[in-house]
Amino acid sequence: MLKYDVIVIGGGHAGVEAAAASARLGVSTLLITLKPDNLGEMSCNPAIGGIAKGTLVKEIDALDGLMGYVIDQAGIHYKMLNETRGPAVWGPRAQADRKLYKKAMYQILTNYPNLDILYGKVEDIEIKSSKVAAIVLNNDSKIPCQKIILTTGTFLSGLIHIGKKKIPAGRVDEEPSYGLSKTLKKVGFKIARLKTGTPPRIDGRTIDYSKTALQPGDKAPRPFSELTNVVNVPQINCFITKTTSETHDIIRENLNKSAMYSGQIEGIGPRYCPSIEDKIVRFSTKSEHRIFLEPEGLDDYTIYPNGISTSLPEDVQHKLIKTIPGLENVKVLRLGYAIEYDYVDPREISVTLETKKIAGLYFAGQINGTTGYEEAAGQGIIAGINAALAVKDQAQFILTRANSYIGVMIDDLTTFGTIEPYRMFTSRSEYRLSLRADNADLRLTELGINIGVISEKRKKIFTKKYEDIEKTKSLLNTLSFTTSKLAKMDIQVAQDGTYKTVLDLFKIPSFNIEQAIKIFPMLKEMQNNNILQLLYIEAKYASYLTRQQADINLFQSEEAQLIPKNIDYFKIPSISLEIQEKLSSHKPTTIGLARRIPGITPAAITSIIIYLKTKYSDGSFT
């Protein structure tokens, strides 16, 4: 009988990262998905990255994940979002050729060491003594394993809505999974419903682009992966149009036919990626909403109209689309729809993504209440790493709010839970100036090397980059001019008679890399080198980063301050009954986690610390 150390159920963005990470750690891994086309399928928009999301992709890449490298084999429109603002909120993004993305992902996974792929459907999980034992396929055959990672996306009791029409499906033309939903309910997991949606797809050959605005990509695409030197995929343009008052009138007149507004849908949709119906209702004073016309491939005429996700009936969808400039004669290739699905309250999992109820069972992706490819992939890689480390009886791998966006996301989910699809934003991170897309590898790759999840190829690239940073830093500390000479170049510095190095000059608010190259022409060769920009950012924001590091040190000290499992909060008289009940319910394992529970006051935290010092004066927990 076949037996695996780790089985991953689901071949979406969470599943492929989980399976690959597990396999990289040397344990036998099986990835089960319905069909080959499902591997890395982009169910909704054909793009990777964005504000905060791009940082997640860079972090996945830093841990030797697949997403960054694969998008570099398929990216057809690269754009750095928010580049006119500070580097903490820069958002690398790339439009993808769907076919190229799936092709690259398939080629990688089907040749991955320690990884097998099975095309089939899992109906049940065999559990013995509150521990996973095997998966059960729809033909009743069993495959034993030590660990299971569920990455089911929108397939758990999935239900598509188009107007009043309901179609049981995990996505278009694919069956939902009822068996696994039943299993999770039987075990006693807290399950609820969420909703997401997608816009209609349209034929680009029938668009009048003269009525739209051109949206070019960056002149020089910046790769996501440290393994990619240059993006060799041809680059194309996107276009922008907008809704009109006529569009809005049609939607308002037909709101009662929308599955979302008729009461037909129970699940809560994503707050920050609303349907067009939701936009018209929530932002009723706006006269127009932008629509991004995004090509789905180099040799594919399908266009993804980003911004008009809808669950309106077929006839209404056709009607409203034709009121949009440039789309008056457009042909609809596929209708938009909403989809409802089951998810599990993420407070049912620990920060390793292992469930608290069942040993050896891990959740990653939309099953935990998140939305987005990048959020799913970030969870997948952590679940895969921890499942494999558990098989090897090694310490678990935990990212924190202080070192990664992935850590912020997991901490938010496991501490607060979510009642709506969770999306990553830069504003969710207290330390976003330190957790930038450009330094993801410097933050995380060494951690990955320490646990053995990083390939030799990436290890060499990382080591070389680290050496190059030190060499460049040394050079920038060597190149200098006197303040008087700099003044003659119209560079405003205090005339104290000292020499100013390039790194000193970078700290001047108005001074930039282009000026440095003008003064020191030898830096021109490094202009396209990410290292020069990295050091520029580090120097420019040095004082802020120093203060933020102090905050991080305080955070880490609180995270290290453990709370015993058997603590009785009702024996701490100086905190209110409400707070005692909250702490007893959440069961935080550290002072840091306790502080982040909504409603827990600073005074209560002080009381807990004093209580622990008094009761456990010898530093031991009983």
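Just so you know, glycine gets a Cβ as well, placed from its N, Cα and C.
Among the features that Swiss-Prot reports, FAD binding site is placed at GLY10, GLY11, GLY12, HIS13, ALA14, GLY15, VAL122, SER177, GLN366, with the record citing sequence analysis. When secondary structure is read from DSSP and collapsed to three states, VAL122 (FAD binding site) falls in the strand class.
The NAD(+) binding site annotation in Swiss-Prot covers 269-283. Around the Cβ of PHE283 (NAD(+) binding site), a 10 Å sphere holds 11 further Cβ atoms from the protein chains shown. DSSP assigns PHE283 (NAD(+) binding site) to coil in the three-state reduction, placing it in neither a helix nor a strand.
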Cβ neighbours of VAL122 (FAD binding site) where a neighbour is any other Cβ within 10 Å: 24
Binding-site residues listed as ARG271, LYS279, least Cβ neighbours within 10 Å: ARG271
Distance from CYS273 (NAD(+) binding site) back to ALA14 (FAD binding site), taken between C-alpha atoms, in Å: 20
FAD binding residues GLY10, GLY11, GLY12, HIS13, ALA14, GLY15, VAL122, SER177, GLN366: largest Cα-Cα distance, in Å and rounded to whole number: 18
Cα separation, GLY10 (FAD binding site) to PHE283 (NAD(+) binding site) (Å, whole number): 37
Surrounding CB atoms that lie within 10 Å of the CB of SER275 (NAD(+) binding site), all protein chains: 28
